[in-house]
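One structure below.
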Amino acid sequence: MFKRSFRTREGSSSQRDAAPTMMDSQHRVDKSARLMKKGSSARDPQKVSKLQRSLGGEETSRMPQGQARNSDKSLAPSPIVTLTVGHEGRLFAAHEDVLCQAPFFEKVLRGNYLDAQNKRIALPDEEPEVFSAILEYLYKGDYYPRLIHNKHRNSWELEDSLPRRATPHTSPTIHDSPNIGGGRAGQTPQTPSAVEATVFLSSIGQHLLRDTVIYCAADRYGLEELKRLALRKQGLQSGIDVGTILRSAQYCYAHTPDSDSRLRAHYLALIIRCRKTFKRSGTMQAEMEKCGSDVYGEGSGKLFFDLFVAMCNHLDDVIEASNARTPKTI
């Protein structure tokens with residue numbers, strides 16, 4: 001009897017010890033199975049690729065078609081285009097996608113190259129300094145001198161500019177030399193110019209306002225935003241001599257269409273507003289005498305006829321305003 005009870009206690013204790021062991025092993029098996037199932041589902045290559053395709057398609061569908069095409073193009077490097085500018089053939093290099101921002105170059109590049117094998121474009125009638133400003137705008141959105149906002153004055157200014165006189169000044173003498181007779185804008189022996197406002201054009205042998213020449217170049221290349229930027233910068237220039245203004249105005253008339261109503265109107269308003277200065281200057285008479293020969297290009301002489309019409313309209317407005325203030329008598 002004693003032996004039977006001892007064996008019974010021994011068997012029950014062994015069963016009690018084996019029960020938690022079996023539970024622990026079963027728990028470990030279940031946990032490992034769950035981990036394997038979870039890991040296999042997260043690392044399933046088919047599911048991952050399917051998820052990536054769905055996310056990529058969703059992002060592409062949200063993007064505009066033009067932006068999606070541009071993103072695809074940005075992955076591939078843009079070819080380099082070589083440009084020969086000016087009579088001396090100065091070399092420039094630019095990316096094709098940058099040049100295609102201008103409708104002129106997009107038409108040339110999408111069509112037939114002048115030299116298809118080397119991707120070379122020739123611009124013999126363009127000034128290298130002007131084309132350099134065009135490229136700077138295409139890459140950076142501006143050209144030197146940049147347009148900078150003065151937070152203290154809450155106004156826009158030109159980079160590296162110095163204070164200048166607010167009205168044009170007369171040329172000291174009239175010569176054909178570009179270095180004499182006020183060819184340099186805003187420059188006096190006492191106050192040198194920090195920013196050169198003019199550019200020398202070898203085609204006509206004269207200094208003209210840089211922003212005017214860039215405006216005309218932007219019109220040729222179809223860059224409307226650049227035209228607005230150049231016009232805004234020119235409005236910030238001051239202290240320019242009469243000779244430079246008149247030469248630049250005639251160049252504007254020769255290189256812009258008759259439908260242009262911005263830069264031409266800017267020059268007409270400037271001359272009328274500063275008519276006393278222009279009347280005292282002998283340069284005005286000299287330029288009017290030369291305008292019949294179209295020195296600055298065909299159609300440059302139209303400036304003075306438009307100026308005459310604008311002066312007549314201005315006079316009519318003044319007379320109408322004075323008659324409105326004066327009481328009528330019978």
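Every residue, even glycine, has its Cβ placed from backbone N, Cα and C.
TrEMBL has this to say about the protein:
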type	residues	note
REGION	1-75	region 'Disordered'
DOMAIN	81-142	domain 'BTB'
REGION	163-192	region 'Disordered'
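Note on the domain 'BTB' (81-142): DSSP counts are 25 helix, 16 strand, 21 coil.
When averaged over the domain 'BTB' (81-142), pLDDT in the model lands at 89.
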